[in-house]
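This report concerns only the one structure given below.
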Amino acid sequence: MATRGGPMVAGTDGNDFEFRQRVAGTYQISLLNKSRLKYCIFFHALLFFVMLAKLTSDILDRLDIFVLEIEELEVPSPLWWEYVWAGSLLTSFLGLSAARGNKVREMQKYMIAILVFAILPLLYCFAYYFSDVWEFATMDKSVELDETDIFIWRGYPYGVFWYAFCFVGFQVHGFTLYFAYNLVKVWKARTATRKFQ
């Protein structure tokens, strides 16, 4: 240990620690993508609560619980994809577990689960409401919404609400897959380097 003002090792000015105290690039990339993946999972949870608010009416009906304020909203009955998408939040535990332990196989399973339980239901929603949204987007200004075949809820086209949800959902799940893929790539490279050594 050197003391301040004490003898200095010949050939160095004391700044050589800058070259020795670097974190490997793969660890930095892994840490950055883990952090971003956790943010994506957080936004997935926020979207889940939006979906849960929509599903509350149907869930309470199935449990035979009557709440006047919720019934007055006249929320449309949910489709199957809404429940499948809501269940996709459970896959987040798999992703968090994989990120915590740097487990390549579990992260790959998480990516497949997000694709099947989150992105495919959103694609179905996108296709299901396409005709309503297209008709709304291309209709004349002089035509009233009530005169069309567009499904209306609270004075607005119902499909437009779902398109907004899908837009945010595609972004969240797209970034989730991107960060998970980056983690898998880095972890595989790191294990390949260990095997090579």
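In case you wondered, yes, glycine gets a Cβ from its N, Cα and C as well.
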Is it the case that Swiss-Prot assigns Glu106 and Arg190 to the same side of the membrane?
yes
Counts by DSSP class (helix H/G/I, strand E/B, coil) across the topological domain 'Cytoplasmic' (100-109):
8 helix, 0 strand, 2 coil
Residues of the topological domain 'Lumenal' (131-159) by DSSP state, where helix covers H, G and I:
13 helix, 4 strand, 12 coil
